[in-house]
């Protein structure tokens, strides 16, 4: 009975390897300095921050493995760049598009052009003030 239960659990939780996981395996077999071996999330998506081995250069990728930013020594986070890419590629006219720093964190002052409002956020994009049409110093 225990053997059957174990086999059923393995079958239920097994999944095919994702494109990221296959890409990672291919790159691990390659030889070379500065190659980028992709990092994958547990669900198989590409992680946002991808770094070139043996260098200080990283870049932001979307969940499908497409680069969003060029390689940079300054990048530390990619949530802002990912959110920005989704907003820019979306088909919603007047959508909010976040402003990102060189290191990938959010600019302290965010503005939504179509509404004429601005607000303050922390470096992770969490609001620290209410939206206003007045001048705001973050």
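Positions of Cβ are set from backbone N, Cα and C atoms, glycine also.
Positions annotated as domain 'Thyroglobulin type-1' by TrEMBL: 17-68 (among others).
Residue density at residue 51 (disulfide bond): 17 other Cβ atoms are found within 10 A of its Cβ, drawing on all protein chains shown. According to TrEMBL, the disulfide bond annotation covers 51-58 (among others).
The domain 'Thyroglobulin type-1' feature in TrEMBL is assigned to 75-138 (among others). Across all of the domain 'Thyroglobulin type-1' (75-138), the predicted model scores a mean pLDDT of 96.
The disulfide bond annotation in TrEMBL covers 111-118 (among others). If you draw a 10 Å sphere around the CB of residue 111 (disulfide bond), it holds 17 other CB atoms from the protein chains shown. In three-state terms derived from DSSP, residue 111 (disulfide bond) belongs to an extended strand segment.
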>> Using a Cβ cut-off under 8 Å and a sequence separation of 6 or more, which residues in the same chain sit near residue 58 (disulfide bond)?
In response: 49, 50, 51, 52, 71, 72, 73, 75
>> What are the sequence-distant neighbours of residue 118 (disulfide bond), meaning same chain, six or more residues apart, C-beta distance under 8 angstroms?
In response: 109, 110, 111, 112, 131, 132, 133, 136
